[in-house]
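Since the structure comes first, as structure tokens, the remarks are kept for the end.
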């Protein structure tokens, strides 16, 4: 590919981006699209403001870019939590390091490459791309010191920036722990591997274990039930809902009060364990044996203070490490209930199996990628498809097919990967949604690095690629040989995959179309409220890191890629800020657990870059330069080890000092009445199942936080009490249904809205 | 090598062993050798019983073998602690698995190998060794299923035995934790990385930290001081000893009472912190600034109960994981004081450096090993040393040189390895002697596997060997090709290195000669008491595991090695039992921490065996048999993972449940008076330094346990009080000297015996 080919590709992408960005700026002004582009605000206030027609609504504008730019980190933290800020830190880090890299490499390395060989330079327009790569520097050149110097500058800038980021994110994580008002997950541990006993239930075992060994701090516990049991209850609920629906449609519509009692119509009583009224006096051991069977050997255990919980979570409980396995509980919204019922003994087998599946998937995926890579070479293409030979003679079509099409095919293929990895992470048995997403993120990341980077560099057959990896000492040399040749491909990859993915991210095509069909074709009057998505860290972080890897590895080999990357990261900064502020909701968060992954991957990228540089210098017959680069590798590894020692523990375990101080502060201020009861209700399995049932609405009324529960709950309680007499047969049914569930604490079941949507999967 | 060569080698070794074993049985009966062969009993009762001359004393006997055989595990546990039993379990496990392997392979695999090819068999005596290896089975033979079957039997027997051993050793470890009378290390944690503060001492910082965050359970702490400070005190002590020595020689000799006061002469007062009398009222913060500077940022912190200590040790204390790093303290005798002063921030760098040094050493060592390997080939030998050509024509000398000499050279070289690895493990910064030994054990093990096994299998040049490892997928095939050819070498290695090392172990040549020189040449009247050695796990475990590796890998390839191995393990069983019961002392123990290393290595050996088998079957053109072996590899890895999950945690962390129950039992029984004071004195740095000074005697009087301290202490106290007036100038000096040390709790300094011996190194 020559420079004009590259410019064609850039031109296509710039125009596509410009069009899509303009389109976005128009679409976001349409009130009907509020649910797509302002989902965050919309779900808390789902009212459609039908503005009067205004020509201004159809004029593209750039105001949103300015607003995204001006938003502060505090706003972002409030909107998206620590994870959103961490994601933006990745972008900011990439921006900073590639600004440095661009300045150094364009001013120093690019001229060296261009004038690296005594040759007659053609017009810049038709100059082949290779002239700008290190391939153009002649063997044994003293100018390779420039590359070595640039590598040192980039590496040390990266170390400094990485250290500062790790430090500030650790601080942010600690601030998140200390800053939040009492977080139920700090007082709660998840116990798995409860031993089976013939003569008593799991619940009784848990109670006896913790009241024996933690008598002063143990408060209560909450069993996890088999999903089938919960599922049956959910089914019953749906059936009942269908029974009630016609009555509702007939008599009470919308938010009108029940005309019998004045309360809200058809809202059911909230039964809270330990309260008066519907309080069930039966304990689990008085229940029917079949009910005991519904328990899983897992439970949430609540403690008096944070320190007690963290101790119980970090200490080895039993002399059999497969029993009484404890960990700090995930936040209530973060719990992945369906995986809690997996016996702990299975978890390690599941982890290994899913790892093997992921590995197998990575290798199987090589085949289509190899096919795509073939598209970049017209000679291969004409062998595969002789009929396109004529078409390829047209230089424009040739450029599009060889320069642009491969990336498009690759991106489309890549879209199938995250859902599959997500599924594997589910099978793995992760107990929290954030953990599942993090696990998927790591899988997608490894997949991407292998299948986009390595497979494309070694653009041979599958067997060839594997054989390259089997000769480990030759790998750097193979990379060094192949990479300059593949620089053009990766530059267009940045242009197409990078820029276009940002535009797609902005447009939210799927939701836009869904919204359009719903409103203008199906002519639904209801606002679609199930579009609330959490931020897809597991697709976006690997993408960022892949571009980081490309940037580092090509920085000194083919610096021409850097300006395009810089544009990508600048756009990403604006686009993702906008999206995090307006589109994505935060239902759970890992409080920065993604950062260690990012840090490790960046170190991997740096070390890979340095190893390739050593090999390149060696191939260029400059052993001294090559040798001078080796200390950098050692330093990178030492730096990584230092950061691991210095920071990573805080991401795995909560420090006692911090928690004890929080506990003391709480004690001084006095804990609010009924806090421990509230703790229990937070971790109620049924509450989450029913919440999933009505997820869209819950969000639509009071936002995705704790308070909405209370709002719903209080209003329901009154309504239910008042209505219960007039609907006696139904309340009987409900009571029977509720009595099935011993530890039931809250059931919010609303009288309007869609039921039974499988929204959890859309909200992952 | 043919069978007669093998038999020559076996003959030599059997005669050497028979002679040495007989010699041992005679030597052990000589009263003058009691300090060499009954060191355990001798150090607690160092009286020489001069039996009357008896002809029976010079007749070899086998009674000791019977006594070693009949000793129970309980006796062994009492004599050598859990680590001794664990070591014997390695031998027992090896015996069991190789009995099974020998039965299966000799009855099934050996005939298949021997009749594997249609050929005229010569007389068995001159039959080459290769005829008994798998190399003799022709390609594509159906008889390879016999090998596959044997491999399955061996692997599954190994799994069952390994599981049972791991389980019983876990139980033993827990029994060791629960069974012992209150162990100071259970109540104590070691804190490192105490942050530096301008306005207060480390001691004050520790006190304030633990009394703030562990107000209910914190008892006291004990700082660690700079070794230079302690060293200066030791020097002073030596000087003073030299001052006192002439007086002593003149006036009071032996254990005569001081004629001034009636007490023991020249024994110094024992000052115990918190007692009356010499108790120092100054606190650290009132001390001179230079004294604060003597503190290291490390301390032992004592807690009220075991659970509190384990919590403090397992919980992450600070938000900076490099500060307030806690771990359970090693047992007092196990503490490696000189490493405690290493700043925690350095530890990770030291670990990496020593790892790199160990790696470098492994590779440098390849050179002499390659030389040794050359000795086995007469053609190579004659090229190197043309002058030996004539000698080699003599068939006996040829057999000795090619069959025996290489092993002897290799063994001699190998003797330099453990001290070097021990030194590296010291540099690493391990805080306990057992941890240092374990770390050295792992290093020696890796060294042995690489330099004895792999380097000898690939008996080429260094570069060739490395290049074999760089092509990972070819490694199994290379092994499969080379191993049958090297079977003869390894068989003689078992004969020479294995059997001879046992005889050497029995004879204790170094101590025997030392004892002889001392008594019969130097004519010393004093009994040598510095021969007390702890068991050298770091040399013996790698040796056992190496023979295990040889047994597994050669079992189906060249089963002729198995009978020799079986004899080796049977002898090892008797010899090591005898030595553990009579020779080695137990000063500290890791409570079975060596087992996970053994388990992992055995799994490694099994997997390597299976991988080699897969490659061998593939090379023999039997893809079906090869494929049928692969599931075994998968199962081995899964089995290992399961064991890791099931058991290994208990070897890393003490389970809370067990400790809480012990605490409760203690509470019910009431803790003995002054227990916490005793705790502090247990971890007194100076006590250990002075103990090292006088180690030989301390052992000679009251054995290596706590009680002797009290004996020494009480007798000293009275003597000192009585004598203090008559030696006023000296006591003044002592007082000045003692006041230098704030936390000094016990100083036992005796008036007889050798001073300043560097015994700690001989007692490692």
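Along the chain as shown, the residues are counted starting at 1.
Note: Cβ is positioned from N, Cα and C throughout, glycine not excepted.
Taken from TrEMBL as is:
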| type | residues | note |
| --- | --- | --- |
| TRANSMEM | A:6-27 | transmembrane segment |
| DOMAIN | A:6-163 | domain 'CSC1/OSCA1-like N-terminal transmembrane' |
| TRANSMEM | A:97-116 | transmembrane segment |
| TRANSMEM | A:144-164 | transmembrane segment |
| DOMAIN | A:186-339 | domain 'CSC1/OSCA1-like cytosolic' |
| DOMAIN | A:350-617 | domain 'CSC1/OSCA1-like 7TM region' |
| TRANSMEM | A:355-376 | transmembrane segment |
| TRANSMEM | A:396-424 | transmembrane segment |
| TRANSMEM | A:444-463 | transmembrane segment |
| TRANSMEM | A:545-576 | transmembrane segment |
| TRANSMEM | A:597-618 | transmembrane segment |
| TRANSMEM | A:624-643 | transmembrane segment |
Among A:97-116, A:144-164, A:597-618, stretch most in contact with the transmembrane segment (A:624-643) (C-beta, under 8 angstroms): A:597-618
Recorded stretch that, among A:97-116, A:144-164, A:396-424, A:597-618, has the most CB pairs under 8 Å to the transmembrane segment (A:545-576): A:97-116
Segment proximity, the transmembrane segment (A:97-116) to the transmembrane segment (A:396-424), 3 or more C-beta pairs under 8 Å: no
Close approaches to the transmembrane segment (A:597-618) from elsewhere in its chain (Cβ under 8 angstroms; 6 or more beyond its ends): 86, 90, 93, 134, 144, 147-148, 151, 154-155, 158, 162, 165-166, 438, 441-442, 445, 449, 476-477, 479-480, 483, 541, 545, 548-549, 552-553, 555-557, 625-626, 629-630, 632-633, 636-637, 639-640, 643
Averaged pLDDT, computed only over the residues in the domain 'CSC1/OSCA1-like 7TM region' (A:350-617): 84
